[in-house]
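Feature annotations, reproduced from TrEMBL:
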- 15-295: domain 'HTTM-like' (DOMAIN)
- 20-40: transmembrane segment (TRANSMEM)
- 91-120: transmembrane segment (TRANSMEM)
- 132-152: transmembrane segment (TRANSMEM)
- 172-188: transmembrane segment (TRANSMEM)
- 232-252: transmembrane segment (TRANSMEM)
- 259-276: transmembrane segment (TRANSMEM)
- 282-300: transmembrane segment (TRANSMEM)
């Protein structure tokens, strides 16, 4: 009896009815952001792959997730030309996913291509973590009905635009929840790492002052350099970050707390860029997963429908 009750609660949480529009908008945001980075950010462009290829062979140490791919290919080492070819093919798949053409397949190819290129690039020693969140998010979207609305797939099925806006599915909510929980787990991991390595001494204010000064000089951040001269703001800021990261998951258990945590998180990531010039664009874009898009569009009267149906959709979107 208890097992049945737990299964019911599990299904009610992950597989409750949700608007397909929310999922479609998330697809456009995630794919659009990654495409923008690959096309306009020098860190992710074709030329960046060439520069990585110019590094000495000793720099190349395949990361754990890349090793199975290398093993399946008989120990093959990818050349720069091969990586650039994969990058171009990935861009093509990305544009197909953006407009929703063969969405599941194109999203899978896009996620796989982004993952492979990033794993190869990061295997040369310069490891960052914003990329992982986007790769996971794209993979989750590839498993979902993200092309069921606002897509060429939906248009080819002769579904009216009005119908796309109003459609719901029990498969629409779990991908959004998984990506939201991804943030909760990433923040818990970050908090644990800080406490495991430095203990509460990590939040002594001096740590942040050091990074503000170092990155302020490195990236010419006047705001970072100015803040590095003041201890108390750094001390308060570090404790705020520690508390925020340690408790963010509560907003996923108590949805009303999202109204507090999500704006704080968005401000934090924008502030990190302004102070440290650390570009977490993938995280900033994926933060929009917390926006109940259908409820918002109903609120501004962009979705015409009966009052009863609007209330149902808004509740499903915001729940």
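Any Cβ shown, glycine's included, is placed from N, Cα and C.
Predicted, not measured: the structure shown is a model, and the values here were computed from it.
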Cβ under 8 Å, sequence separation of at least 6 from the ends of the transmembrane segment (282-300): give me the contacting residues as numbers and ranges. 19, 21-22, 25-26, 29-30, 33-34, 37, 130-131, 133-134, 137, 165, 176, 179-180, 182-183, 258, 262, 265-266, 269-270, 310, 313-318
Are the transmembrane segment (20-40) and the transmembrane segment (232-252) close enough to be called in contact, which here means at least 3 C-beta pairs under 8 A that are separated by 6 or more residues? no
